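Peer 1: From Swiss-Prot, here are the annotated features:
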| type | residues | note |
| --- | --- | --- |
| ACT_SITE | His109 | active site |
| BINDING | Tyr26, Gly27, Ser28, Gln29, Ser52, Ser54, Asp84, Thr85, Ala86, Gln87, Gly135 | NADP(+) binding site |
| BINDING | Asp192, Glu196 | Mg(2+) 1 binding site |
| BINDING | Asp192, Glu228, Glu232 | Mg(2+) 2 binding site |
| BINDING | Ser253 | substrate binding site |
| DOMAIN | 3-183 | domain 'KARI N-terminal Rossmann' |
| DOMAIN | 184-329 | domain 'KARI C-terminal knotted' |
Amino acid sequence: MAVEMFYDDDADLSIIQGRKVAVIGYGSQGHAHSLSLRDSGVEVRVGLAEGSKSRPKAEEAGLTVGTPAEVSAWADVIMLLAPDTAQASIFTNDIEPNLKDGDALFFGHGLNIHFGLIKPPANVTIGMVAPKGPGHLVRRQFVDGKGVPALIAIDQDPKGEGQALALSYAKGIGGTRAGVIKTTFKEETETDLFGEQAVLCGGTEELVKTGFEVMVEAGYAPEMAYFEVLHELKLIVDLMYEGGIARMNYSVSDTAEFGGYLSGPRVIDAGTKERMKEILKDIQDGTFVKRLVANVEGGNKELEGLRKQNAEHPIEVTGAKLRGLMSWVDRPITETA
């Protein structure tokens, strides 16, 4: 099914320029949205809790900062870019009491709306503007006069202005320069979660760890295993990112290409596909989100346990040591080895 695309000529920037926008959060996406909207002539305020470490950064950038409640009361368009697990409480405590007839509440991801964790009043426009790239790229492309493709969706539209407003907002952060795709909260949420769990985060992580274990258990040095299954992964992903799977296969050796064709289906087989379908079903029917909410309500104990277990895997010890030899790699603050 063909998607509906929009570009600069399809969006009226004056719509968002005539509104007052509150951006809740100043992380990766929050800083890109706030600064780019401001540079597009939009009146913007940033909502951050008292004592937030991001407050000085936003203020140094010349942005007006208030608490989430303060900026929500001031604004008529609110973009909620706090972490998924914090959004429901921010909505209940800070946003909902300050919503007025005709306001718009936008999101960068649809989870809380799609799964009913946030239930907004009927007189508020509910929409999504979601750039398909990290915030630093969104901002850099905007400054360079370009843009990152974005998604828009409208879930609730009491005044019939939602799509025009979302397109205007997307233009304000550079999205329509590249192209904006119209989707739904359901489609964006379920595809995003599936991609993260089955392929990008969960699937890739387990593939790498298992490959490392197989090599080390067969007697190969952990350092050699690390280079082959993790370090070189970036080279392959970069090729796929730039030109698809065909570009990757064109760029690697014939030996690597031929071996990949033969062995790839032995690793990812019909059974894997069936299990991926089960993961998708758990996402669609809300099983995953129920567990996510239970984890948060339980003080993140399950998540912390999984993090600890993951951090203790031998590949992490080996990787920390080897990355210390790589002057071109920015080592994260979690590594002290």
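Just so it is clear, glycine is given a Cβ too, placed from its N, Cα and C backbone atoms.
A description of the local structural setting of each listed feature is requested, covering burial, neighbours and distances.
Peer 2: Other C-beta atoms found within 10 angstroms of the C-beta of His109 (active site) number 21, with every protein chain shown included. A coil conformation is recorded for His109 (active site) in the three-state DSSP classification, outside any helix or strand.
Around Tyr26 (NADP(+) binding site), the same-chain residues six or more apart in sequence whose CB sits under 8 Å from its CB are Ser34, Val46, Leu48, Ser52, Ser54, Arg55, Lys57, Ala58, listed in sequence order. Look at Tyr26 (NADP(+) binding site): DSSP puts it in coil.
Proximity of Asp192 (Mg(2+) 1 binding site) to non-local residues of its own chain (separation of 6 or more, Cβ distance below 8 Å) is seen for His109, Gly110, given in sequence order.
Take the CB of Glu232 (Mg(2+) 2 binding site) and look out to 10 A: across all protein chains shown you find 11 other CB atoms.
The number of other CB atoms found within 10 A of the CB of Ser253 (substrate binding site), across every protein chain shown, is 8.
Mean predicted confidence for the domain 'KARI N-terminal Rossmann' (3-183): the pLDDT average there is 98.
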Peer 1: By DSSP, what is the split of the domain 'KARI C-terminal knotted' (184-329) into helix, strand and coil residues?
Peer 2: 122 helix, 0 strand, 24 coil
Peer 1: If you measure Ala86 (NADP(+) binding site) to Glu196 (Mg(2+) 1 binding site) at Cα, how many Å is it?
Peer 2: 19
Peer 1: Compute the C-alpha separation of Glu232 (Mg(2+) 2 binding site) from Ser28 (NADP(+) binding site), stating it in Å without decimals.
Peer 2: 26
Peer 1: May I ask which of the binding-site residues Glu196, Glu228, Ser253 is closest to Asp84 (NADP(+) binding site) if we compare their C-alpha atoms?
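Peer 2: Of the binding-site residues Glu196, Glu228, Ser253, Glu196 has its Cα closest to that of Asp84 (NADP(+) binding site).
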Peer 1: Pop the Cα-Cα gap between Glu196 (Mg(2+) 1 binding site) and Ser28 (NADP(+) binding site) into the table, whole Å please.
Peer 2: 18
Peer 1: Rounded to the nearest Å, what's the C-alpha distance separating Ser253 (substrate binding site) and Glu228 (Mg(2+) 2 binding site)? Just drop the number here, would you?
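Peer 2: Just about 15 Å between their Cα atoms.
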Peer 1: Can you tell me whether DSSP puts Ser52 (NADP(+) binding site) in helix, strand or coil?
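Peer 2: In three-state terms, Ser52 (NADP(+) binding site) counts as coil.
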